[in-house]
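Noted in Swiss-Prot for the protein shown:
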- 65-92: disulfide bond (DISULFID)
- 78-98: disulfide bond (DISULFID)
- 82-100: disulfide bond (DISULFID)
- 1-25: signal peptide (SIGNAL)
C-alpha cells in the first residue's frame, strides 16, 4: 500500500513538472514564430561564411588508423568501423586513412 502511494505521488509530481515546463515553453515559441523576420536560415548566410563554417567542422577519417596504429590494431578497428557502417570491411591505406570496401 505504501509503495503504491509513493509511486502515485512520484507520477503526479512528474506530470505536474512536465506540464508546467510545456506551458512555460509555449510563449517563447510563439514569440519566435511571430518575429519571422528575425529567424536565421542558411539562405541568409553568405556563401563565404558557409564555406568557412564547413572548413572549421571538417574532420578527416584518420582516428581509427592513426591513433590505433601504435598498438598494431589500426586495420582491425578500421574494418570493424566499416562493418558497423554496413560495408564489407576496410583497411588503412598508405596515408593512414580508413578505406571501406563495397
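Including glycine, each Cβ sits where the backbone N, Cα and C put it.
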Inter-residue Cα distance where the pair is residue 100 (disulfide bond) and residue 78 (disulfide bond), in Å:
8
Can you tell me which disulfide-bonded residues out of 65, 92, 98 are within 10 A of residue 82 (disulfide bond) by Cα, answering none if there aren't any?
98
Within 10 Å of the Cβ of residue 100 (disulfide bond), how many other Cβ atoms are there?
17
Cα-Cα distance linking residue 98 (disulfide bond) and residue 92 (disulfide bond), given in Å to the nearest integer
5
Rounded Cα distance, in Å, between residue 65 (disulfide bond) and residue 100 (disulfide bond) is 12
Counting Cβ atoms within 10 Å of each Cβ, the densest environment among the disulfide-bonded residues 65, 78, 98 belongs to 78
